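Have a look at the structure below before the remarks.
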Amino acid sequence: MAARIAQTTGAEHTAILGLGVYRPARVVTNDEVAGPINSSDEWIRTRSGISTRRFASAEETVKSMSVAAAEGALASAGVAADQVDCVIVATSTHLLLTPAIGPQIATDLGMTGAAAFDISAGCAGFCHALGMASDLVRAGTSKNVLVIGVEKLTDTVDFTDRSTAFLFADGAGAVIVGPAEEQGIGPTVWGSDGTQHHAIRQSKDWMEFFTEIEEKGTDAVRPYLAMEGTAVFRWAAHSLEKVCREAIDKAGLTTDDLDAMIPHQANGRIIEIMARVLKLPEDCALANDIEEAGNTSAASIPLAMEALLRKGESKPGDTALLIAFGAGLSYAAQVVTMPAWR
């Protein structure tokens, strides 16, 4: 007879307990990136909605930005580091294949013995990690989970590439997910479309690059982040309304219940289209952090969440729709209650 294996149960309800962010000190204008791509401030604003972005220095690393954002999240949640037993880092720009950066971040924060790992789901990574964290707490696997979205995309961008040079930027955002009296994180709606894998990608794999080095020496061209902007735009405009509506429906709500919508800050025009097709209430705040922060991939949603709260356009306790999409192509969405922040 097979032995009976015990099953754990956790909190009935989960929520985002606290939020923290890190924005690099250097602010970069459109004029600074326009020269090498023969562009202009007006062209960049019109096509992306971006006016400025943040570029990290050599000292502002994926790890240091993550730690800073996490410290803010812990403080706003009122949770001590030793109360966190899992760390999930969503990033595509920890440029070491192994080990993952999560364990080092956990150690630097004093989260001794916490499970810690990275996930790579492109710009959708934060919403993937948030859904996983909520499920871990409800299952009883973890008590409090630190979720981090962090990118140093400037390490991956070819600043002579007209399709990416003006778009991507750096930063980090973090949240604490834990038990709550009422449900503050709705069911996650997620998925992928591998037929569009080419739309956002690394320009060549590492083995291809190593072979080029052997054959060409210093003339080999390193891998960069590449994007087919038109393909991404068309896919997002066609596919994401259904994902948003399913996330709202699974949360037992309607668009009229939304106080805020926080989409991945991919492109100002995509954000406008999503808001229009969903027919959001007039008083529903729409995150537009891309104007000042650029596209920060997995960091964009927590950064945009913080911007809404900081500017008073949303407040803790508001109901917000999160929707993220990116390389893969991958996507994830959920409805959440806006958290405390600092």
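Cβ atoms are placed via backbone N, Cα and C, with glycine included.
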Which range of 180-184, 190-194, 200-204, 265-269 is region 'ACP-binding', per TrEMBL: 265-269
Just how many other Cβ atoms lie inside 10 Å of the Cβ on Cys123 (active site)? 31
From the Cα of Asn295 (active site) across to the Cα of Cys123 (active site), what is the distance in angstrom? 9
Whole-number Å distance between the CA of Asn295 (active site) and the CA of His264 (active site)? 8
By a three-class reduction of DSSP, His264 (active site) is assigned coil
